[in-house]
Amino acid sequence: GGTACVVTGQPFDTAKVKMQTFPNMYKGLVDCFVKTYKQVGFRGFYKGTTPALVANIAENSVLFMCYGFCQQIVRRILGVDRKTKLSDLQNAAAGSFASAFATLVLCPTELVKCRLQAMHEMQLSGKIIQGHNTVWSVVKGVIQKDGPLGFYRGLSSTLLREVPGYFFFFGGYELSRTFFASGRSKDELGPIPLLLSGGFGGSCLWIAVYPVDCVKSRIQVLSMAGKQAGFMGTFVTVVRTEGVLALYSGLTPTMIRAFVANGALFLAYEYSRKLMMKQIDSY
């Protein structure tokens, strides 16, 4: 699921990070794509793909594993049988709990990904003299400068994004599946309803938490150039100096990516899960 998400959504994610961190450099999505292609070439859209793959595979593995555990916790809190079907709202709460665990594996890999994606802009703006162009050089630079805890720059803003965001993510997904099922079992849904439901869930997530993600990207990228303010400090600075709309820089590529990538994520997740269940049942 995580692999499908990255392969389909990485170019839009790269544009998102560039536009969030350096909003004055780009007039819009098309301008960002054109300039990136002219300056770096097609490979520029896939900068940070390796850590993005690691991040998404790690995050979604932990997320969906903990989602199952958190559904059981919700059932215990409600005092119902462990096989009882949860409502869409209860599934949303379980997903929100699960995201807190996923954040611990996501934050370090997302920091490396964001820095690689915005390295060219950091050099152009003069904030750094020479950038690190490989995953290992970025990792080594973080360890040398800040130690192992340096990988958790932006942890609080990542948590602020993930916990409420995944409430809307799983809530939107389950609500959409309920709509398409129309009284039937959700497990009977075909690929198109699953794609649309995943896309709807992803769109709900990003609409709800986009300003928080913008602040997170700034903290993780700009901390390369020296000490960066925390979440509230960065948030206030952006609003004061650039205005509220700066918190929504890069929203267009994010919404395109959210629908396409999360549709692919849930489609791959549901079908791989069914395949694995069949394998288990055959034994």
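Just so it is clear, glycine is given a Cβ too, placed from its N, Cα and C backbone atoms.
TrEMBL entries are annotated by machine, without manual review.
Residues or ranges marked as repeat 'Solcar' in TrEMBL: 1-73 (among others).
In the repeat 'Solcar' (86-179), helix, strand and coil residues by DSSP number 78 helix, 0 strand, 16 coil. Positions annotated as repeat 'Solcar' by TrEMBL: 86-179 (among others).
The repeat 'Solcar' annotation in TrEMBL covers 189-275 (among others). In the predicted structure, the repeat 'Solcar' (189-275) carries a mean pLDDT of 89.
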